[in-house]
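Feature annotations, reproduced from Swiss-Prot:
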type	residues	note
BINDING	Arg101, Asp102, Glu117, Arg118, Ser153, Ser154, Asp171	S-adenosyl-L-methionine binding site
Amino acid sequence: MKICLVDETGAGDGALSVLAARWGLEHDEQNLMALVMTPEHLELRKRDEPKLGGIFVDFADGAMAHRRKFGGGRGEAVAKAVGVKGSYLPDVVDATAGLGRDAFVLASVGCRVRMLERNPVVAALLDDGLARGYADPEIGAWLQERLQLIHASSLTALTDITPRPQVVYLDPMFPHKQKSALVKKEMRVFQSLVGPDLDADGLLEPARLLATKRVVVKRPDYAPPLADVATTNAVTTKGHRFDIYSGTAEVSAV
């Protein structure tokens, strides 16, 4: 994948070349998207809109840390949707990991989460965030146990994953209507890189075959159900809904 690769560390240790080789990235000086190695982290920038700043994954500090400490925890909609209740903490495959926010929420309440991400740049950002998170004295120990990254396409990987998870979580990219600064900034940078998930409808069936309990699909409240498969079971919030479908074990047991 072509992208502008920038090293701002000043270290001159060839780390950027190693990163490019690992993730199959090719330097393109003219590309409007830049993957930048700073002294603190790896970040994604939209070069023609520098005011948007850099997008990076940070599990230990910032917004995700605030959400972990002061958010709803088990009361968060995503936790309710996957079925967290009492001592039940399902094993989850997040098949559209993105920047890992929902996966981190689930891991922070005790679920084991395997994140799938097919875009090599996004996978590199996630991997960088995980490496720093794993090394964090406050969250590192449990993060290593509960949150892992698999760089693969969900369309193929969903048939190969073992052991099977109890829940498969899907949050395919869908054009956002919200005007909030954060969504606006992140989505403009993010969608410039990955675009909409045009093949997202193809994820529902393999997800239902893989999950032993349920599949949860996060959708904006104005979006149609994934693959136009309606369900009456959903957890709703102000701007989203989490559509819930049965997994294979439930279907075969009927």
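Note: Cβ is positioned from N, Cα and C throughout, glycine not excepted.
Keep in mind the model is a prediction, meaning the values are calculated, not measured.
According to DSSP, Asp171 (S-adenosyl-L-methionine binding site) sits in a coil region rather than a helix or strand. By neighbour count, meaning other C-beta atoms within 10 Å, the densest spot among the binding-site residues Asp102, Asp171 is Asp102. Close to Glu117 (S-adenosyl-L-methionine binding site) in the fold, though at least 6 residues off in sequence, lie Thr96, Ala97, Gly98, Ala123, Leu126, Leu149, Ile150, His151, each with a CB less than 8 Å from its CB. Arg118 (S-adenosyl-L-methionine binding site) carries neither a helix nor a strand DSSP state and counts as coil. For Ser154 (S-adenosyl-L-methionine binding site), the same-chain residues that are 6 or more apart in sequence and have a Cβ closer than 8 Å to its Cβ are Ala95, Thr96, Leu116, Arg118, Leu170, Leu203, Pro206, Ala207. When the Cα positions of Arg101, Asp102, Glu117, Arg118, Ser153, Ser154, Asp171 are compared pair by pair, the longest gap among these S-adenosyl-L-methionine-binding residues is 19 Å. The Cβ of Ser153 (S-adenosyl-L-methionine binding site) lies under 8 Å from the Cβ of Leu116, Arg118, each of these being in the same chain and 6 or more residues away along the sequence. Secondary structure from DSSP puts Arg101 (S-adenosyl-L-methionine binding site) in a helix. Cβ environment of Arg101 (S-adenosyl-L-methionine binding site): Met64, Arg67 lie under 8 Å away, each six or more residues apart in the same chain.
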